[in-house]
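Contents: one structure, followed by commentary.
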Amino acid sequence: MSYHKSSGTTLMVPLFMLLISVNYFMSCNAQLSTTFYDTTCPTALSTIRTSIRSSVSSNRRNAALVIRLLFHDCFVQGCDASLLLSGAGSERASPANDGVLGYEVIDAAKAAVERVCPGVVSCADILAVAARDASVAVGGPSWTVRLGRRDSTTSNAAQAATDLPRGNMVLSQLISNFANKGLNTREMVALSGSHTLGQARCIRFRGRIYNSTLRIEPNFNRSLSQACPPTGNDATLRPLDLVTPNSFDNNYYRNLVTSRGLLISDQVLFNADSTDSIVTEYVNNPATFAADFAAAMVKMSEIGVVTGTSGIVRTLCGNPS
């Protein structure tokens, strides 16, 4: 295709659209504030914290589930609690979110907040705060959460299929996927560190055993093969972090250095490529990882937020009203 003399005009249109997008993003984020509920619901944060602490205390796996919920929500349609909506055609019903759990943890936190401040605090804000509190509950970093998100009334299963990263992605695909959400390579590696918590099913890591040329430690490979044969046992769970799966630390990266990453998308972060140096830095400097993770979570939690008079404040997080 040739633009000839019209190419100048053609180039200006995307630039104009880019400026609109940047200004819109900045405008939405500018409406977020750490003091958003100080007068309308001053006990909101303490109520959420108490609820999340209780949930994680009863089952430490809940910390991983909550952090994953925020990630999956923000990567599809922005951080608007659209993932929490139930029903046919919703993100929640998408095969891309098959295996995503923990909705009841957020429902419990929402119910607790509704009892003290009915109709005030959005599910999107509760999810953002809950992820921070879940991290702290298992020894992870804390960060400041700016508030004022509103809840969307729509949810898109098809978009979940295209926007969420997959466990079999290679490094270039991961970098591109995160870049599409405004997150750079270092932030991608830091956020992948959330895999210091939680588990994955055999159906998600089978490719790492049988369909990958990535290095894999022999004993680790043997253990995975026994738990996850070429067919069957799809629901068998294995920890993403072999050493301390219920504590937030940097052992996830130590596993990668010894070729014991559970998913393909884990091990590609340390595979004689551009991100090896970041992984090594996080192995040697856990405080750097914690700081980078916290900063990346702040940035991710403000992707595509709905603010002001847009959206709603749902009474029930699974119901679009």
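Backbone N, Cα and C atoms are what each Cβ position is placed from, and that goes for glycine too.
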Residue among Gln31, Gln199, Gln226 with Swiss-Prot annotation pyrrolidone carboxylic acid is Gln31
According to Swiss-Prot, Asp241, Thr244, Asp249 bind Ca(2+) 2; which one of Thr196, Thr280, Thr288 is annotated to that same site? Thr196
Relative to the mean position of the Cβ atoms of Asp73, Val76, Gly78, Asp80, Ser82, the recorded Ca(2+) 1 site, which additional same-chain residues have Cβ within 8 Å? Cys74, Phe75, Gln77, Cys79, Ala81, Leu83, Glu91, Ala124, Ser152, Ser155, Gly304
Chain-internal residues near Thr244 (Ca(2+) 2 binding site), provided their CB is under 8 angstroms and they sit 6+ positions away: Thr196, Asn251
Within 10 Å of Pro165 (substrate binding site) (Cα basis), scanning recorded positions His72, Ser82, His195, Asn211, Asn221, Asp241, I find His72
Do you know which of the binding-site residues Asp73, Asp241, Asp249 has the most other C-beta atoms within 10 angstroms of its C-beta? Asp73
Between Asp249 (Ca(2+) 2 binding site) and His195 (heme b binding site), how many Å separate their Cα atoms? 10
Any further residue of that chain within 8 Å (Cβ to the Cβ centroid of Thr196, Asp241, Thr244, Asp249) of the recorded Ca(2+) 2 site: Leu197, Val243, Pro245, Ser247, Phe248, Asn250, Asn251, Tyr252
